[in-house]
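See below for the structure under consideration.
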Ligand code: AMP
């Protein structure tokens, strides 16, 4: 495909306000792209490289302005381009405002051939440009860009400039590309009674024919001549869209997915697998509570929430004949390659994890005892390109893995959390794996959270034990436990002696709200209290014991606890008629007497305002 044709199509998309019509334009472009399909699919999104590839052209706005100025003629300076940019606000419009044709003869003489740019040539040239590095690379980049602009029409220059900066501004997002791929290569013809005579235009088969036509390079303006309404619109089914979406999630390569859809259809898309070395988008979490988790799934998979930077670990087998160690790559949450910044993580993984594998986890900074350090410390290491060895001495980082997406040649995206975690534990030494508790018991979960906080972690993550790994999804299957929103101050009116190690201490504390001159019970708190605090609390409360019945004691209302909670719900269990969900001890309010504690009215108000 000629780049001029691509630019003409892009221009049409840019002026088309309606989403559906834009999808149709993109679909038609894909159908006509022939052998250039992969490149064209990337170009409409302003990409030269697939989304998973962190290679960049490394051309800044300044270099681009200089290249445009040079191609625009001897009288134009980079400063002139900058002035125009200040007016136009956008480099594409500026580039389109120059007539680069003046030097075309010269370019032809110098080997440009005089013919127009092709999509493939632009792609290859930009890839070469991305690979330029070292001394003189800036000049080489400038020359290369000059060469391209020098042969561009105003419309081509517009989209070339935008492509170089990575934003096409034609209203074609990822969803549009997905829909267009499905419509172009999977969907059958639209059945439309009114316009039945057009049904034969855009069948899947015709789409392929169109593509071949495009490959034979017939002119530049097919789509421009044929308005959207002239072509039948195919409508992909939800299943077809899902098949494209799924392949995209697994590969992050729109170009490849479009090619597979065209050449192998749905079966081909379903066969797209993870590849070690090609990162996928990280699954994300919503805020939620233990109550939400247990209500939705009956039981929750609970893991420590590490306070670090997300990392996806890819372990490929080294060259066995050469006896090379495993080949480890690390990617950030945005799929940037951060391997070189984290050599000790690479070494750890190469030494301990069998290839092939893909893991998900966090890189945390740790002190000399291996205890976690605050998040800011990791940031000093995470994307560092220089002085890595020196910084390695200053801030130590370690891997904490919490998921396994691929092991021993098997994709595990569709396996449940529990199975993925089991595979992870087989692959990675215990010290580098998040613990996993699967429980339906709030108390047990609270104790796990407490241990996690005590160990210096951020808290806990709650996961649906049966859920699969859906890349890029911020769904309801992963919840980061919300910190308690409010605390209440309640009077301790009873307690229970602990068990085992805690047998000599009061352990569980009965809490009450003020109810007139009396107290109404609202729940027990047993979590959030360290051993040391427990000893202090027992000493504080023992003098208040009024009566004992087995392990249970009744206390004088004398001490006020500040308590966090997730939710207040109605409950017949306590005399107040309410219960605290997930209560956690925060502090003894030594500054408050029972008369200052929260009243039942306030509890009612809090319950209503939830
Ligand atoms: P937030 O950054 O507050 O949105 O919390 C979600 C992030 O917590 C994830 O994107 C991970 O980077 C991080 N995280 C820490 N520990 C875990 C874990 N066990 N499971 C999932 N994500 C975790």
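From the backbone N, Cα and C atoms, a Cβ is placed for every residue, glycine too.
Summarising the annotation, TrEMBL assigns active site, N6-AMP-lysine intermediate to 305. According to its DSSP assignment, residue 305 (active site, N6-AMP-lysine intermediate) is in a strand.
The ATP binding site feature in TrEMBL is assigned to 303, 310, 333, 362, 402, 474, 480. In the three-state DSSP assignment, the secondary structure recorded for residue 402 (ATP binding site) is strand.
Positions annotated as compositional bias 'Acidic residues' by TrEMBL: 190-215.
Summarising the annotation, TrEMBL assigns domain 'ATP-dependent DNA ligase family profile' to 390-515.
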Original post:
Quick one: Cα separation, residue 362 (ATP binding site) versus residue 305 (active site, N6-AMP-lysine intermediate), in Å?
Top reply: 9
Original post:
Can you list which of the binding-site residues 303, 310, 362, 474 have their Cβ under 6 Å from some atom of ligand 1?
Top reply: 303, 310, 362
Subject >> Length of the line joining the Cα atoms of residue 402 (ATP binding site) and residue 305 (active site, N6-AMP-lysine intermediate), in Å >> reply: 9
Original post:
Over the domain 'ATP-dependent DNA ligase family profile' (390-515), what is the model's average pLDDT?
Top reply: 93
Original post:
Restricting the comparison to the binding-site residues 333, 474, 480, which residue's C-alpha is spatially nearest the C-alpha of residue 305 (active site, N6-AMP-lysine intermediate)?
Top reply: 480
Original post:
Going along the chain, which residues six or more apart from residue 310 (ATP binding site) have their CB under 8 A from its CB?
Top reply: 282, 332, 333, 360, 361, 362
